[in-house]
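Below you'll find the structure, written out as structure tokens, and then a few comments.
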Amino acid sequence: MPAIVIVGAQWGDEGKGKATDLLGGRVDYVVKPNGGNNAGHTVVVGGEKYELKLLPAGILSPNAVPIIGNGCVVNLEALFQEIDGLQARGADTSKLRVSANAHLVAPYHQVLDKVTERFLGKRAIGTTGRGIGPAYMDKVARLGIRVQDVFDESILRQKVEGSLHQKNEVLVKIYNRRSVVVDEIVEYFLSFAERLRPLVIDSTLVLNTALDEGKVVLMEGGQATFLDVDHGTYPFVTSSNPTAGGASVGSGIGPTRISRSIGIIKAYTTRVGAGPFPTELFDEMGVYLQKTGGEFGVNTGRPRRCGWYDAVLARHASRVNGFTDYFVTKLDVLTGIEQIPVCVAYDVDGVRHDEMPMTQTEFHHAKPIFEYFDGWTEDITGARTLADLPENARNYVLALEKLSGTRFSAIGVGPDRDQTIVVNDLIND
């Protein structure tokens, strides 16, 4: 059975957790292929809200095996805190597994993340301060510590010493901080070994064997397309590749085994942190979307920047990820707005751009060119088919589908799992 990948099509917080949760009851494995506890997502099940950070949303699907993939960076302390929090609420976390090849976030990564952001001042990226970027830097620099290293104290010590040799110089001489003691870091990691050991697997082997046996594997991408270190609005991006190609690398599932690439996209647009955002609203409408949509970060509580739907971004995201389907979320948030603008192109220094500008400078100068659609006042949270939607809401959805260039197979009309219009089956269609 081929694999399915879910990818955020904007700047994150699109509702990937809801999409994963909706499909979770029909899949056998849910793997998180990238990111760490910097990418929070909210899942509502039976009126209960769960805010997940490091764990895949599939942890709440009783039939699925949730896996933290090799492309992730894992803060072990945060991992077990999140597990304990779910268990305290009666959730079953016993099926959770972690790739032996996933990298670890060390306490010094978090220190470096925070002091670097402060040092940069106005040039700061706006990270969550959780050490994700520094952990990925170590991975690429071949100084990283992996999950499997926790079970070999000799290897662990060698790697910690190698990593701290340079970092202590930076902390002491540049940031005026105290040096980090090797023994403290080694003991920190070893303290998790006993509890971690039964969770660790060869995830590449497990997932590909599952596919060989006809099982359904869902890859749940973190962050989003325009936070991708290669395809995003660089340098205001994350440190990994949260696109469909990155899901393949971060799970060990080859690209030819992926049958569906599903983009998750809001009916409007949000962004957290610094970086360009052509359709951003700076008036009371932006505040309205923020409050009505509950647009506050799961991890940081920071208010999200809000703006109108951007079809240029949607087309580019579809191209980069090879989307077969879009899952649109939060259509209900737009209820009550008299006229809804949609960005269909950009004006860059007097020149119309129907597609994403090539350069960073051009994108910073991009101004949205809008088309306007009549809104609706009717409550749509009970709609379960397109025909149930008011005419104006239906027209809005169909217009977005045409402008975005990829079929809309599901539409979220509320936060709960069942508040979804399914147009096309996302697994078998």
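Positions of Cβ are set from backbone N, Cα and C atoms, glycine also.
The annotation GTP binding site is assigned in Swiss-Prot to 12-18, 40-42, ARG304, 330-332, 412-414. In the three-state DSSP assignment, the secondary structure recorded for LYS18 (GTP binding site) is helix. Within 10 Å of the Cβ of LYS18 (GTP binding site) there are 27 other Cβ atoms, across all protein chains.
Non-local contacts of GLY15 (GTP binding site) by the CB criterion (under 8 A, 6+ apart in sequence, same chain) comprise HIS41, ILE264, LYS266, PHE327, THR329, LYS330, GLY412. Swiss-Prot lists ASP13, GLU14, GLY15, LYS16, ASN38, ALA39, GLY40, HIS41, THR128, ARG142, GLN223, THR238, ARG302 with the feature IMP binding site, giving sequence analysis as the kind of evidence.
Swiss-Prot lists ASP13, GLY40 with the feature Mg(2+) binding site.
Summarising the annotation, Swiss-Prot assigns active site, proton acceptor to ASP13 and lists sequence analysis as the type of evidence. In this structure, ASP13 (IMP binding site) belongs to neither helix nor strand by DSSP; it is coil.
Cβ-based neighbour count (10 Å, all protein chains) for HIS41 (active site, proton donor) stands at 26. In the three-state DSSP classification, HIS41 (active site, proton donor) falls within a strand. The active site, proton donor annotation in Swiss-Prot covers HIS41, and the record cites sequence analysis as its basis.
Positions annotated as substrate binding site by Swiss-Prot: VAL298, ASN299, THR300, GLY301, ARG302, PRO303, ARG304. In this structure, GLY301 (substrate binding site) belongs to neither helix nor strand by DSSP; it is coil. All protein chains considered, the CB of GLY301 (substrate binding site) has 8 other CB atoms within 10 Å.
Nearest by CA distance to ASP13 (IMP binding site), out of the binding-site residues THR42, PRO303, LEU331, is THR42. Under 8 Å, Cβ to Cβ, and six or more positions away along its own chain, GLN223 (IMP binding site) finds GLY8, GLY12, ASN34, GLY35, ASN38, ALA39, THR238, SER240, PRO242.
Each of the binding-site residues ASN38, THR42, THR128 was ranked by the number of other C-beta atoms within 10 Å, and first place falls to ASN38. Across the structure, LYS18 (GTP binding site) and ARG304 (substrate binding site) place their CA atoms 18 angstrom apart.
When other Cβ atoms within 10 Å of the Cβ of ASP13 (IMP binding site) are tallied across all protein chains shown, the result is 28.
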